[in-house]
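Following: one structure in C-alpha cells, then a few remarks.
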Amino acid sequence: SGSCSCSQFCTSEGCACTAGYQVDGLNCIDVDECNNGNKPCSQVCQNTVGGFMCSCFNGFKLDDDGVSCKKCSNPYYGKDCASQCVCNGLGTCDNVKGCICNKGWTGTNCNTDVDECTALLDACPAGQVCTNTFGSYTCSCPSGYVNITGICTGLSYFF
C-alpha cells in the first residue's frame, strides 16, 4: 500500500476515503451526492462537505428518514409545515398558501369582509344601490323606485 494523506486511510488494496469523499490520486475529494445521478433527496438537495442535506418545498416537511418529504396535513401549511391555518369556517387550508377564503371574505384568517360595493365597479346593475353585507352584498332600487324584472322603475310610472 502507498502513502496515505489527509482524510484517507490505508487498506490492503491501497488508499480509501471516509464516507462522502472519493480517492483522487493521494487525496480525498468531496463527493457531490446531489449531482452524481443518484438524487438522494425527494425534493431539494444541498451538497455539504462530506455529505448532503435534504429540505422540502413550501407545503411539505422533511420526514423522519431525513430524505423524504411529506405534505403538510391540515391545519398546517408553509415552510416545514410550521404555520397553522385558522380560517374561521370561512375558507379552506391550502398546504402551501394557508387559508383560501370563500367568496366575500379575505385576510390571513378569512375574517375580513370584502366590500363588494367598493371592490366591484359593476356589482349592481345601473341605477341600483349596492349595500355591503357580511360576506356578500345586495342590490336594491333607490327610494321612490321599484324593481321590475331587474330594472328600477319610478313609482310615478304607475300613477
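Yeah, the Cβs are placed from backbone N, Cα and C, and that goes for glycine too.
TrEMBL entries are annotated by machine, without manual review.
If you look up TrEMBL, you'll see 113-153 marked as domain 'EGF-like'.
Per-class residue totals from DSSP over the domain 'EGF-like' (113-153), listed helix then strand then coil: 4 helix, 18 strand, 19 coil. Confidence for the domain 'EGF-like' (113-153), expressed as mean pLDDT, is 90.
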